[in-house]
Amino acid sequence: MGCVFCKKLEPASKEDVGLEGDFRSQTAEERYFPDPTQGRTSSVFPQPTSPAFLNTGNMRSISGTGVTIFVALYDYEARTGDDLTFTKGEKFHILNNTEYDWWEARSLSSGHRGYVPSNYVAPVDSIQAEEWYFGKISRKDAERQLLSSGNPQGAFLIRESETTKGAYSLSIRDWDQNRGDHIKHYKIRKLDTGGYYITTRAQFDSIQDLVRHYMEVNDGLCYLLTAPCTTTKPQTLGLAKDAWEIDRNSIALERRLGTGCFGDVWLGTWNCSTKVAVKTLKPGTMSPKAFLEEAQIMKLLRHDKLVQLYAVVSEEPIYIVTEFMCYGSLLDFLKDREGQNLMLPHLVDMAAQVAEGMAYMERMNYIHRDLRAANILVGEYLICKIADFGLARLIEDNEYNPQQGTKFPIKWTAPEAALFGRFTVKSDVWSFGILLTELITKGRVPYPGMNNREVLEQVEHGYHMPCPPGCPASLYEVMEQAWRLDPEERPTFEYLQSFLEDYFTSTEPQYQPGDQT
């Protein structure tokens, strides 16, 4: 990620000369078109055709390799009678891996047969089975993970190169008096003969040999490799095999986490085994049939910056079962003591994570429609994930109406969406600009002192919120770009992600020279 995108995707200049006049002179039909996803069904949404579609950041599953003996990367406790309980290091014979999420396996130690989550296992003796191998994660996520608590100087990981297919990168946590803790990255290059090297004077037959060498001597690296980066067990891809439409009685609602206009959010347990979050919708909020169709699409959206949809109860009252995020909504988090103490680098990083998730949705041509801090969830290590994507389109409540309803999020909604129902990725970009103000102000309601009608009238005439106190001018400029009246002049989420990820990047090269001393 980084500077390459910034240069390629630089949005138009700041001045919108004549834009307001053009906006006002056109008719609604000339300016806007109907919501392109109205009436869409799951049959026209991109289907998962390969593991690449379902990549969730640090997923380690392997398919199509011909390897049938796999090793467990983590402990796992069976959730159903069809699952296998296993411990880290246990070996399996994979019997059937035709379904991507859950594979049928037989334990070589116990002889028991059942299903295992595919992202909890890897081929024996492969690079994917190594604790230091993190697979297809971004450079920025590598930095986030290595800078988290518990990692000493010299903590490291190896990941797939973002720029060179088939190559790898080594990321190391370092420290010095001037910069404190920071991360350095090294390219691992591949020889034509099949070996690997960082510097030509030290070549190795395998990545494992390379790691063993640099754990014994730094040999030109910034620091000796001391320990693999700490990690937590990933979310399984779904609750269990075929656990999609589930029985309401399999969910125990334990503690109410929040209440909204259309229902409540609970901490719950599925099948007496798995902690989950459960959104319960009031009867009449949306059509169960329409919800189930949309949910079939939503479950195909998989990215580590999107809250994973686990399962549904499709009869009223509808239950939406998702992964549990320990700190709740970003809005509530910003308002409490820990959120109030966050500094600008933390806030910008949280914004970058949201932009990353939205960039994925942009690539998938999926529209959120209700992007705001209340619909971003926060987990350990300040990980942010996007929630409630796509649900706003299904709400049937008369009060959820931009013209007169009190429940519609006018202050976050682009004018073309609020006035004419023109929801697009670009209207999500507008909402992201408003979300940036929520971050900078630690949860302040947008457009303070203005009601919804005033906001709609003023925004249509080109009004922008002034720069929030303490907000850098360069960040406010991005907000203003997101609020351009012409949707096509707003930046892409790909650009926003790159801009925010590189916001504090110094002038040092992205990768360290392999021969540095």
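Here the Cβ of each residue, glycine as well, is placed from N, Cα and C on the backbone.
Record features, source Swiss-Prot:
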type: LIPID; residues: G2; note: N-myristoyl glycine
type: LIPID; residues: C3; note: S-palmitoyl cysteine
type: LIPID; residues: C6; note: S-palmitoyl cysteine
type: MOD_RES; residues: S13; note: phosphoserine
type: MOD_RES; residues: Y32; note: phosphotyrosine
type: MOD_RES; residues: S50; note: phosphoserine
type: DOMAIN; residues: 65-126; note: domain 'SH3'
type: DOMAIN; residues: 132-229; note: domain 'SH2'
type: MOD_RES; residues: Y196; note: phosphotyrosine
type: MOD_RES; residues: S206; note: phosphoserine
type: DOMAIN; residues: 251-504; note: domain 'Protein kinase'
type: BINDING; residues: L257, G258, T259, G260, C261, F262, G263, D264, V265, K279; note: ATP binding site
type: ACT_SITE; residues: D370; note: active site, proton acceptor
type: MOD_RES; residues: Y400; note: phosphotyrosine
type: MOD_RES; residues: Y511; note: phosphotyrosine
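Structural mapping of features recorded in Swiss-Prot.
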residue : record                       : DSSP class
Y196    : phosphotyrosine              : strand
S206    : phosphoserine                : coil
L257    : ATP binding site             : strand
G263    : ATP binding site             : strand
D370    : active site, proton acceptor : coil
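Break the domain 'SH2' (132-229) down by DSSP state and the numbers are 18 helix, 38 strand, 42 coil. The Cβ of G263 (ATP binding site) lies under 8 Å from the Cβ of K279, T280, L281, K282, T285, P317, each of these being in the same chain and 6 or more residues away along the sequence. For the domain 'SH2' (132-229), the predicted model reports an average pLDDT of 94.
Sequence-distant contacts of S206 (phosphoserine), defined as residues of its own chain at least six apart whose C-beta falls under 8 angstroms from its C-beta, comprise I127, G195, Y196. In this structure the C-alpha atoms belonging to D370 (active site, proton acceptor) and T259 (ATP binding site) are separated by 17 Å. Of all Cβ atoms in the shown protein chains, 20 besides its own fall within 10 Å of the Cβ of Y196 (phosphotyrosine).
Across the domain 'SH3' (65-126), the DSSP tally of helix, strand and coil residues reads 3 helix, 27 strand, 32 coil.
Annotation for L257 (ATP binding site): same-chain Cβ neighbours under 8 Å, separated by at least 6 residues, are D264, V265, W266, L267, A277, G328. T259 (ATP binding site): 9 other CB atoms within 10 A of its CB, across all protein chains. The number of other Cβ atoms within 10 Å of the Cβ belonging to D370 (active site, proton acceptor), over all protein chains shown, comes to 22.
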